[in-house]
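Enquirer: Pasting the relevant annotations from TrEMBL:
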SIGNAL    1-25  signal peptide
DOMAIN    42-139  domain 'Ig-like'
DOMAIN    147-249  domain 'Ig-like'
DOMAIN    258-337  domain 'Ig-like'
DOMAIN    348-427  domain 'Ig-like'
DOMAIN    434-515  domain 'Ig-like'
TRANSMEM  540-563  transmembrane segment
Amino acid sequence: MAVRNTASLLAGLLLVLFHTWRAWAALEVYMNDTVEVALKGTAKITCRYTSEEGRGSMDIQWFFRKGTGERHKICEQVGMMTTINRTSPYANRISVNDTETPAEVALSIRDVQLSDEVDFICRVKSISEDHVEGHTTLKVFGKPDHPTIEGVTTGISVNADSLSKIGTCEVRNGYPKPKITWYKNTTPLRNTDNVNVETSTTSESSGLFSVKSDLTMKVDRKDKDATFYCEVNYYLPGTNGIMMMMETTKINITVIYPSTFVDFWIESPKGRIKEGDTVELRCRGDGNAVETYSIKDLKNDDVTWEVDKVVLENVTRLDSGEYECTLTNIDIYEEFSNRTAVFVNYLDEAVLKPSDTVLMDKGDTITATCNALSSLQTNTAWFKNNKKVSKDHSLILEAATFDTSGTYLCVVTVPEVEGMETRGSLHVHVKGKPEIQEKDVNEIETSDETVILSCHAKGYPTPKITWTTSEGKVINSGSQMETDSGAKSQVTVQLTSDVTVFCNASNEFDSDSVSFNIKVKITKSETPNPSKEKKESKGVVIAVIIICILLLAILGSVLYFLYKKGKICNRSGKQDITKEKSSKDNIVVEMKSDNTEEAILLGVNGDKTPPGDQ
């Protein structure tokens, strides 16, 4: 009994071991659940199996199936031979190869299309075992085009009764369907009472998706500086489910909003205003809605300008006062007002005491004052001939002389306002008889044909200056001009001989006179002397003759020297000219005649040498 039980136990154990071995050695197939691929890319689907049998005994078949529909055969591998189903849509786009991993084959699909997003089935069968299969779902991704955005070009009112359209975003040709999100500045926009995002999707003939999104919202004045844009999210293969992102360009909108207050100011001039200026008043609200403006002079109810800018030209102190600007919003019929004050500074004409012209006697003293009424602090100064003579409103002239006479200019200025000044003139005359400034007697010596004389006489009333000669002749060509202290005259005198010219100055008090004694220098030119020139000509001729004789003598000496040295040979039939001694130390010159062979020796004095001496 015990033996039987032991045998049964061993048999059961062997049976368990056998089934365990069968389970371990059974044929199995391993495939990925999904394979991701980009549109128009190449997909690689692997099929790995386990079997004790060799590769040559394996039968591998590939199928595809859309959803839960019927499966369709793509190809079959029996041993090392591959048979492709030519009726399959993949016939020209696939290849089946063993991989580097043992017991693994791969199905490669080129130029993947959206229609390839199906299940691929790998069925493996060995000689001793039944078939086993696995499957992989192919996921296809198409990157969309870059998104676009288009904002509204018209203004959007904050007082609109309904939501206003902001813009439209669009992204085309993506797969799977892209997602659009609107942003204002950096905040994503979701549907609320004041925001509405409407999205529509279009399936293109290619199977790709295009998405369009419209944004409408209630705007307020803060949105005038806001930026709006869209973010597009989409999938790509190999990103582990993380969406990729693209952004549109950013847009701004024009927000129409009413003013909440009005500003009123003096545009120009900057600083203090003075009489004669051009004043520009400006009025402006803080909104940009359709609004009207009016500017009113409050001191004169009849003066109103229906504009936002007023220009007051050549203003006077009468233009000083308050002005008011009123802004009216047409849409909501709301008004805002503001005021500004205009003050025109003034400077009256200078008042001089005494005024205009003052007559003084020599030695007198006067005090003149200069004042001008002004709305601002003033400075006063007196000038004579552009030189400051007083820096106060008072001018004191003491111990008057003729030099005290002249024009004194009073200048009143306002330091706070550039160009604000007034002026007045005081003419001072010191009475007295004429006093000619030139000395009593003036000696002039000249060789010119004319001479210009000047005469300056001080005194008041202005002296009359005349010119006369010692013979009592009046010279009428003189010119007279007034000066601060009197008069000045010039005259041009024609000179033929010595002459005395008088300058006479006179007024109602007396007269004065000075003289100019003019001496004319006559330069005598030398008269030509014919006899002297004749003598000089003869001297030149004699000098030329002497030079010629000297040249002839030098030439004779040279010839004689050459003869004595034997450098000159006689011709046939010609005698030598020899003379060892001579009573005279004459220079000998050989004279030849074409008709005879006779040689004649001539002395320097021209005497003929006798033939016996030859």
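Note: Cβ is positioned from N, Cα and C throughout, glycine not excepted.
Could you tell me the structural context for the features on the list?
Expert: DSSP labels the residues of the domain 'Ig-like' (147-249) in these numbers: 5 helix, 55 strand, 43 coil.
Sorting each residue of the domain 'Ig-like' (258-337) by its DSSP state yields 3 helix, 42 strand, 35 coil.
The domain 'Ig-like' (348-427): residue composition by secondary structure is 3 helix, 45 strand, 32 coil, according to DSSP.
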Enquirer: For the domain 'Ig-like' (147-249), I need the partner stretch with the highest count of C-beta pairs below 8 angstroms, choosing only from 42-139, 348-427, 434-515.
Expert: 42-139
